[in-house]
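Enquirer: Here it is, the structure, as structure tokens.
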């Protein structure tokens, strides 16, 4: 019994020693936390604003890039829709009227007669594309009016170019028109566009058209 009591006393002593070590560790932890709190930098109001601006800058830049790409894509696909519409037009209409060879009309009158319907359809396509753009809510009413006029003009021009290609080259003219569409699409979508591809796009009818539509879109959307 005496031996058991002695062992109990020894265990109690060890328990008290462990509790003391835990208390020492807790005190050291509190001291360390206090030092850490003291090391936290204290920023002035101006420094906090500057830090917030630095942190927010990448997000703002990404948002601006996304907006810029969205407007650029809007211009690109507006022009592509008009160009492909003109291409498809002469899959349904003859580029040269069937009675062109047997007529006594002058060449100018024949050309105007052959182009009257494609030109009207081109204007209609421009207005349809503008209506689609209006559904995106990107442009103001004034911007849509400007885009409508430009798109109608481009519809007429693209109809004339595609009619000439098909009249001169037949089926090969349609292939050339399709290649033109692929070039402008690649130049507008590929991130690192080769210089030769950019130069080729600028020499084609669709290149300046994309620039013109993009200028209208940027201006109407507030830059």
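Using the three backbone atoms N, Cα and C, a Cβ is placed for every residue, glycine included.
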Enquirer: With TrEMBL as the source, identify the stretch among 37-58, 147-168 annotated transmembrane segment.
Expert: 147-168
Enquirer: Which range, 175-197, 198-220, does TrEMBL list as transmembrane segment?
Expert: 175-197
Enquirer: Of 10-30, 73-93, which range does TrEMBL call transmembrane segment?
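Expert: Going through 10-30, 73-93 one by one, TrEMBL flags 73-93 as transmembrane segment.
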Enquirer: Could you pull out which residues elsewhere in the chain have a CB under 8 Å from any CB of the transmembrane segment (114-135), counting only those six or more residues past its ends?
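Expert: Cβ under 8 Å, 6 or more out: 74, 78, 81-82, 85-86, 89-90, 93, 95-97, 100, 144, 147-148, 150-160, 163.
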Enquirer: Residues sitting near the transmembrane segment (147-168): Cβ under 8 Å, six or more positions beyond its termini, same chain?
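Expert: Non-local partners: 78-79, 82-83, 85-87, 89-90, 95-96, 114-115, 118-119, 121-127, 129-130, 133, 139, 174, 176-177, 205, 209, 212-213, 216-217, 220.
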